[in-house]
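*Asks:* My questions all concern the structure below.
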Amino acid sequence: MNTEDTDDSLYPIAVLLDELRADDVNFRLNAIRRLSTIALALGVQRTRDELIPFLDESIDDEDEVLLALAEELGNFVEYVGGKEYAHIILGPLENLATVEETLVREKAVESLNKVAAILSQQQIEECYIPLIKRLGSGEWFTNRTSACGLYAAGYQMATPASQDELRSMFKQLSLDDTPMVRRAAGANLGKFAKKIPKEQVISDIIPLFSKLAQDEQDSVRLLTVEDLVAIAEILTKEESKIYLLQTLRSMVSDKSWRVRYMIAENFVKIAKAVGDEVTREDLVLAFVNLLKDNEAEVRTAASGQVPGFAQYIDKQTILSHILPCVKDLVTDTSQYVRASLATQISGLAPILGKEATTEHLLPLFLQLLKDEYPDVRLNIISKLEQVNEVIGIELLSQNLLPAIVELAEDKQWRVRLAIIDYIPLLASQLGVTFFDEKLGNLCMSWLGDNVYSIREAATVNLKKLTEVFGVEWAKSTIIPKVLAMGSHPNYLYRMTTIFAITTMAPAVTPEVIRDHILPTVNTLVSDPIPNIRFNVAKSYEVLIPVLKQNPETGVLLETQVKPALDKLREDSDADVKYFAEKALLAGYQ
C-alpha cells in the first residue's frame, strides 16, 4: 500500500516533467498553465520543496513558455502556503527577470511587484532587497533594466537604512552607461517618486529627473515626460515652479520631435499638475508652438489636447492665442492632424459659449464637414451633439444642415452610416414638420442603398423615428413608402421591406400591423426568392408577440399567420423550412 501511495503522490510531478520535456511547445505551455492544479495536487509543502526548485531549474525554454510561467508565478502565493512563504517564489522569478526576451522580463518584474506587495518587512529585508542588489549589479544590462522596475514595490516596507540604500542604488542605475538601463530608470522614476516622502523627492529624485531629462538619448528623455507629471503631482504649485519649470521649458522645445510629441500627448496632465500660474505664464505659448510644430505627429497629439487645455485658461486667451492655431489646423496638410482636431474641436463649444461658438467655431465645423478625407468628416459628425447643447438645433441646422444632407449621400459608406446614427437626435430637436420637409425623403432613400450596413441602419433609424414622432406619424408617412417597396421588381427592395417591417414591429401598435403590415407580409410568402421567404418566416416570429397584445388582432394568428407558416414549413428550401418551424415553436407553444 505504501508503495502505491508514493506512486500516487509522485504522479503530478511525473506528468509535469513529461509535458515540460515534450517536443511540442503547446504541451509545455499547457503544463505551465496547469501549474496551479498541479500545486493543489501536491499540497503546499511539496510545492515548496519540489515544484518551486524544479521550476527554478527549468528556465531554459521557448519565450512564450517562459512568459506563461512568469505570469503564473505572480498568482502562486496561496499554493506555497500564503504570505509567510511568499518569498520562496522570488527565486524562479529572479531567473526569469534576467532572460533576453523583453516581454518575459517585464512579466517577471510585474509578478515580482505583485509578490513584493504582500511580503513582510523581514522578507523584504532578507529576500527582496538582496534580489534587487543582485539584479542591479548584474553584468548584463538585462538584469539592471529589470532591477529598475522593482524599487517602488518594496520601498515603503524597508527600514530607513535600507530606504537610503535603495535610493542610492536607483541613482547608480539612472547614471548607468547603457542607454537601455537609463531608459528603464526613466520609465520607473515617477512610480518610485510616489513612494518617497516629499523632502527626499526634492533632495534625491528631482536631480535624477533633471539629469535624465537632459540625457543624450531622446529615447530616455521622452520617458521623463510622465515622470514630470508624477513629480509635479507630489509637489505644491510653487515648488513645481521652482524645481521643474526650467526642465519643462527645455522639454517643450526639445530638438527631438519624439520628446515634443510626448509633451503634446500629456499636455493637459502637465497643465493640471503645475497649476494656473505656470500654465498662464509659460504653457500657453508652449502649447501654441506645439500646435505649429514642424512635425505632423506633434501637431496631431497637440490637436487632441485643445479642449482639455482650454479648461485651464481664460476665454480671452483661447480666442487670442489658441483659436488662430485651430483655424490653421483645419486646413493642415496632414489628414491625421485634421482628423484629430475634428474629434476634439466640438469640446471647445461648452467652454466658449453660444456667441463665440456661433461666430468662430461654426465656420470651422462647416469646413471640416466638407473635408476631402472621410475620417475627418466622420469625426466631426459624431461629436455635433456637444455643439447642439451649446447653440441649439435651430442655429446648428441653419448653418450645418445643408452640409449634413450632402454627407448623407457621401461616397464613403461609413460617413453615410454616421449621418444615419445622428438622424434620430436631429429629428427630436427639429420637430416633425421641419424633419418631413428637409430629411424625410433622405431617410427613405437609404433603404435602397447598395451597401447592406446602410440599409440595415436605415431600418433601425425608422424604428427610432417612430419612437420619436409616434405611431400615427409612422402610419401616414413612412409605412406606406416601406410597403410600396414590397412589390418592387428588384428583390433587394422587397428584402428591405421585410427587414424594415421586422425592425419596426415592436414600435408600432397591433392595429397598424393588422391593417397595414400583415397584408404585405402575407403576399411575400409566395415570393420566388428563398431569401425573402425565410425572412418572411423571421418576420412572423417578431409580429406574433405584438399581435398577441390585443384580443382583436390575436385571432389573426390562427386565421392568417399559422396557415402562412404551415405553407412555409412545406417549402422546398431547407432554410425556409427551418425558420418557419422556429417561428411556429416560438409563437404557438
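Each residue, glycine too, has its Cβ placed from N, Cα and C.
Below, the features straight out of TrEMBL:
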DOMAIN    360-506  domain 'Phosphatase 2A Regulatory Subunit A helical'
REPEAT    51-87  repeat 'HEAT'
REPEAT    89-126  repeat 'HEAT'
REPEAT    166-204  repeat 'HEAT'
REPEAT    205-241  repeat 'HEAT'
REPEAT    244-282  repeat 'HEAT'
REPEAT    283-321  repeat 'HEAT'
REPEAT    322-360  repeat 'HEAT'
REPEAT    361-399  repeat 'HEAT'
REPEAT    400-438  repeat 'HEAT'
REPEAT    517-550  repeat 'HEAT'
*Asks:* Do any residues, 6 or more residues outside the repeat 'HEAT' (400-438), come within under 8 Å Cβ-to-Cβ of it, and if so which ones?
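*Replies:* For the repeat 'HEAT' (400-438), the nonlocal Cβ contacts are 362, 365-366, 369-370, 374, 377-378, 381-382, 384-385, 388, 393, 446, 449, 451, 453-454, 457-458, 461, 464-465, 468-469, 473, 477.
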*Asks:* Tell me the residue counts in helix, strand and coil for the repeat 'HEAT' (400-438), as DSSP assigns them.
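*Replies:* Computed counts for the repeat 'HEAT' (400-438) are 33 helix, 0 strand, 6 coil.
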*Asks:* Take the repeat 'HEAT' (322-360) and count its residues per DSSP category (helix H/G/I, strand E/B, coil), listing them in that order.
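*Replies:* Computed counts for the repeat 'HEAT' (322-360) are 35 helix, 0 strand, 4 coil.
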*Asks:* Are there residues at least 6 beyond the ends of the repeat 'HEAT' (205-241) whose Cβ is under 8 Å from a Cβ of it, and what are they?
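*Replies:* Apart from its flanks, the repeat 'HEAT' (205-241) reaches 167, 170-171, 174-175, 179, 182-183, 185-187, 189-194, 196, 198, 247-248, 250-251, 254, 256, 258-259, 261-263, 265-266, 269-270, 273-278.
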*Asks:* Is the repeat 'HEAT' (166-204) packed against any residues at least 6 beyond its ends, judged by a Cβ distance under 8 Å, and which are they?
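*Replies:* Here the qualifying positions are 129, 132-133, 136, 141, 144-149, 151-152, 154-156, 158, 211-212, 215, 217, 219-221, 223-224, 226-227, 229-231, 233-235, 239, 243.
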*Asks:* How do the residues of the repeat 'HEAT' (89-126) split into helix, strand and coil according to DSSP?
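*Replies:* Residue counts for the repeat 'HEAT' (89-126) by secondary structure: 29 helix, 0 strand, 9 coil.
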*Asks:* For the repeat 'HEAT' (361-399), would you mind checking the mean pLDDT of the predicted model?
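*Replies:* Taking every residue of the repeat 'HEAT' (361-399) together, the mean pLDDT is 75.
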